[in-house]
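To start, I am sharing the structure in question, which I have written as structure tokens.
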Amino acid sequence: MKILAIESSCDEFSISIIKDGTILTNIISSQIEQHVKFGGVVPELAARLHLENISWVIKSALESSNTKIEEIDHVAYTEKPGLIGSLIIGKLVAETIASYIDKPLMPLHHIEGHIYGASIENDFVYPVLAMVVSGGHTQIEIVNSPNGFEVIGATLDDAIGECYDKVARVMGLGYPGGPKIDKLAQKGNKEAFIFPISKNDDSYDFSYSGLKTAVINIIHNLTQKGEEIPVADIAASFQYAATKIVEKKLEKAIIQFKPKTLTVAGGVSANSEIRNIIISLGKKYNITNTFVPKMEYCTDNAAMIAKLAYEKLKSSN
């Protein structure tokens, strides 16, 4: 069984082909360089660039996987959530291909895809406790099957990735801010500044607006005083607070739900401290099936959509 999958929810246009659970190809057209000067993703530009990249991405995916379009059995695509214009383009491409080869169409959820991206090289043992960290989401999910997802905690305001980007912008680090703060944090003192860590222990929901405001205020105060801004120390202190919130919520969820698999998904899963937290908690609570996704599967890509589609079809047979 061969599945062609399309991911186009934001500023990446990607096509992947999976055969019987094995990824044959994962072509990604990224637009990061085009959006850097704007300090973030411009929706209209993202959609227009998707249109420009469709042809070569499809051609590259078919050629690199030695696949003829007629060999595809199912066509999967990201239906939601995401930028409307970008999503529509992915949907239209999927519908066109499915209609041309007269094969079934599978609209899938972007976040569910991210979670299954972690299973591309590691098999899930259910139930799975998945920490989703990205530019638009910070949430904890219990996964009981490829069709059984339960969100037990979610973003109340700023998502963790959004918070990283906003703090990085005020620090003058540019976009995308997450990797730059993570790198700077390795050189700083995490105890140099005390930033707030959410104390709402009765909920699995996440709030980063208070932390964001506290960091921005510190930077503004130092600037007004004419003092040098210790960017490495601020980065380290901010990252400690941001990831400590994740650690606290996740540890509580492990104790309550006793998962057999522990993993992390989403663009911020590339963060070094987040990855360390997942591995450490897995060891602490003896969850032998604990893993983090390969770096290439952290950010948006169609391989994760392909794997989700494959697992859904396999479970229905």
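Cβ atoms here come from the backbone N, Cα and C positions, even for glycine.
Curation does not apply to TrEMBL; its annotations are automatic.
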Based on TrEMBL, name the residue from D123, D165 that is recorded for the same substrate site as V132, V133, S134, G135, G136, G178, D182, N271.
D165
Including all protein chains shown, what's the count of other C-beta atoms within 10 A of the C-beta of V132 (substrate binding site)?
27
Take the C-alpha atoms of H114 (Fe cation binding site) and G136 (substrate binding site) and report the distance between them in angstrom, rounded.
13
What whole-number Å value do you get for the CA-CA distance of N271 (substrate binding site) and D300 (Fe cation binding site)?
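Pair distance, Cα basis, whole Å: 15 Å.
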Among G136, G178, the binding-site residues in question, whose Cβ has the most other Cβ atoms within 10 Å in this structure?
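Most Cβ neighbours within 10 Å: G178.
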Given the binding-site residues H110, H114, and counting only Cβ atoms in the protein chains shown, which has the most within 10 Å of its Cβ?
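When each Cβ's neighbours within 10 Å are tallied, H114 tops the list.
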Return only the integer: C-alpha distance in Å from D300 (Fe cation binding site) to G136 (substrate binding site).
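Distance (Cα to Cα, whole Å): 12 Å.
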Other than H110, H114, D300, which residues of the chain come within 8 Å of the Fe cation site, judged by Cβ distance to the Cβ centroid of those residues?
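What remains near the Cβ centre is E7, S9, T78, G82, I111, G113, G117, S134, G266, N301, M304, I305.
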